[in-house]
Amino acid sequence: MAFQGKKLINNPDDVVTEFIEGLVETYPGLQYLDGFPEVKVVIRADASGATYDKVAVISGGGSGHEPAHAGFVGEGMLTASICGDVFASPSVDSILAGIRAVTGPMGCLLIVMNYTGDRLNFGLAAEQARSEGYKIEMVIVGDDCALPPLLGIAGRRGLAGTIFVNKIAGAAAAAGLSLADVAAEAKRASQMVGTMGVALSVCTLPGQVTSDRLGPGKMELGLGIHGEPGAAVADLQPVDVVVSHVLKQILSSETNYVPITRGNRVVLMINGLGATPVMELMIAAGKTVPKLQLEFGLAVERVYTGSFMTSLDMAGFSISIMKADQTLLQRLDAPTKAPHWPVGSAGNRPPAKIPVPLPPSRSTKSEESLSRPLQLSEQGRILEAAIEAAVNAVIVMRDSLNDWDSKVGDGDCGSTMYSGATAILDDMKKYYPLNDAAETVNEIGSSVRRAMGGTSGVLYNIFSKAAYARLKANSDSTVTAKQSFEAAIDAVSKYGGASAGYRTLLDALIPALSVLKERLTAGDDSSTAFVLSSEAALAGAESTKDMQAQAGRSSYVSAAILATVPDPGAMAAAAWYRAAALAVKAKYEKASS
């Protein structure tokens, strides 16, 4: 039966901030940004973005996996760790605060574990940081080897192998490599590592009851690290049998998840999940090494045993195996002051906390540039008409979108889009700088971020920020509009993971972009090309009835149900795009008459 878990804590809502306070008191080389509870960021005490002359390496994610990732902040490893709430992705504001605090002219590498929330929030933060002038690269780690290749875009989960990637990237950055070279080494490392775990118990979240999902005498194979069910439940077996099964999964030639073959050099990590005694971890290590050597013909160059990425109080362990060459071994052996990598930490104690840095735009932009102009230019009037038409089209569709979404999702697409649309309409009337298209697009993103929830809000914010960055880089309005639209679509695809045919809003926008480029190349004027491309957007949205969803909640819905309605997100995108196009066309025709 389920029972209340015992925890040595105070308020369950304060566990992450109180953990950080204890961490920086314990390790004098660490600080945190003074932004609790919204901003929870641990940084190196010797790294300031204003003077830091190396590539900053930042990782993070939900808390509850300690010592990951904050325990790996230190010279030679991570420059900062962004801490979300327990098992929850960190906020975009936290990620941006971390980037601004430690990123200097050499730029910043974000190492992100492959979970949708982390990908989207780190992706949006990356786009915002780029728009502020920072050089940013991002590497996504998915080292899970427990499941066969999945359909759709979810992909392999990020697990303890991420710690190897953090160490290698941190050592490369400490050696003075460029951002491109640090990112390349991190990406290469992420492709060389595989991980699988086994659990004997289910973890207990602070303030919640302990699940009884695993009965006595049972173990779970191929677990996640957030309390989700594993790939299979089996009878408890001796560790010899468990290790053999895990190694066969990781090194399977059928899935080919890791490029490891007989004769290769490897490094091994035996990682405790939070409630596993050191004795049991050492037993697992002692059984794993000879199996790798004798059964798989591998040269085991390094063994790391301990708790590196846990799952609160879960009993069990994971095994990570990474193909190694001399360069990777040098990176792993390079000195670091990160307190939980197996080396020492030293240094004088600086102040425990420092202020959260503000975005540069807040201090460099005048109040006038971020307010509605007293007199609109011709382009400003056209932009206002397009925005007003677009959001009104979404507003009137609220009930239809909710109805469609109730059949294929969670029934709130219309309400979510309505919230964003009304916020844009209200904010435009008050302070959008409509004579400046780039800054207006940026403010649309800010309105969406404030008012829209869920994945849709993050995706549209990413869309706006990517478009803004491209608009700022070019002054040719016609060319820039097309390029910024393309950049926005690319960013949504990159961070959301979807592309054409996945039954998402991109199935409206990608056809629209294709026709827009085609008509502009053919010599059509921009407003005509815009209208013709909007027809392609509508056709693309309608065509989603014939698609099998590969992203979002619709991917769990049967094809028979999907065929009855179009994708609501695609229909919403087509509606606002079409309305904007017609409004622009009408304005141009009126001006020329």
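Just so it is clear, glycine is given a Cβ too, placed from its N, Cα and C backbone atoms.
Keep in mind that what you see is a predicted model, and the values were worked out from it rather than measured.
According to TrEMBL, the feature active site, tele-hemiaminal-histidine intermediate maps to H226. Sequence-distant neighbours of H226 (active site, tele-hemiaminal-histidine intermediate) (same chain, 6+ apart, CB under 8 A from its CB) are G62, G64, F87, S311.
Under 8 Å, Cβ to Cβ, and six or more positions away along its own chain, S63 (substrate binding site) finds V15, V16, F19, K40, C83, G84, D85, V86, F87, A88. Summarising the annotation, TrEMBL assigns substrate binding site to G62, S63, G64, H65, D118.
Annotated domain 'DhaK' per TrEMBL: 11-341, in sequence order. Each residue in the domain 'DhaK' (11-341) has a pLDDT score, and their mean in this model is 94.
According to TrEMBL, the domain 'DhaL' annotation covers 381-582.
TrEMBL lists 339-374 with the feature region 'Disordered'.
Taking all protein chains in view, 24 other C-beta atoms sit within 10 angstroms of the C-beta of D118 (substrate binding site). Shown in sequence order, G61, A68, C83, G84, V86, F87, A88, I225, H226 are the same-chain residues outside G62, S63, G64, H65, D118 whose Cβ sits within 8 Å of the Cβ centre of the substrate site. When other Cβ atoms within 10 Å of the Cβ of G64 (substrate binding site) are tallied across all protein chains shown, the result is 27.
In this structure, the binding-site residues G62, H65 were compared by how many other Cβ atoms lie within 10 Å of their Cβ, and the smallest count belongs to G62.
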